[in-house]
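Quick look at what Swiss-Prot lists:
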{"type": "DOMAIN", "residues": "8-43", "note": "domain 'EF-hand 1'"}
{"type": "BINDING", "residues": "21, 23, 25, 27, 32", "note": "Ca(2+) 1 binding site"}
{"type": "DOMAIN", "residues": "44-79", "note": "domain 'EF-hand 2'"}
{"type": "BINDING", "residues": "57, 59, 61, 63, 68", "note": "Ca(2+) 2 binding site"}
{"type": "DOMAIN", "residues": "80-115", "note": "domain 'EF-hand 3'"}
{"type": "BINDING", "residues": "93, 95, 97, 99, 104", "note": "Ca(2+) 3 binding site"}
{"type": "DOMAIN", "residues": "116-148", "note": "domain 'EF-hand 4'"}
């Protein structure tokens, strides 16, 4: 049930969930979500609140459990991480052709003050280069960062 979060993170999320769960039944209802949104200065119509809950409510009971709450946070974090990976890839892919080459990696690292040998640079590309074409495409770049 940890979703890859540390014990400390789960405890933090549980505390936040408990603040939303006013009646302490282990679920966030439409009414409780509405109260939270009002506290945040957003007075959403009930249909919008129900739509929001339905996006997170994986078991279809019309409420958000702590497990569903964690799943939503996990999806958000993964989406955020994917955006960060895309941004880094785009910086390394200096000519914008969708690939990182040894030369682009060398240029990028030298701008950061890193000086690696040609062999070290080629090894870095080789580790990520699943299809062995001598360059790293975005999917390979993501796989490298997800697996490590």
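Cβ from N, Cα, C; glycine included.
On a predicted model such as this, the values are computed, not experimentally measured, just so you know.
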Sequence-distant residues near the domain 'EF-hand 4' (116-148) by C-beta distance (under 8 Å, 6 or more away from its ends) are 82, 85-86, 89, 92, 98-102, 105-106, 109
Cβ proximity for residue 99 (Ca(2+) 3 binding site), under 8 A, sequence spacing 6+, ordered by residue number, returns 93, 135, 136, 137
Lowest 10 Å Cβ neighbour count of the binding-site residues 32, 57, 59 is held by 59
Contact set of the domain 'EF-hand 1' (8-43) with the rest of its chain, CB cutoff 8 A exclusive, min separation 6+ beyond the ends, reads 2, 49-50, 52-53, 61-66, 69-70, 73
Residue 68 (Ca(2+) 2 binding site) falls, by DSSP collapsed to helix, strand or coil, into helix
In all the protein chains shown, the tally of other Cβ atoms within 10 Å of the Cβ of residue 23 (Ca(2+) 1 binding site) is 10
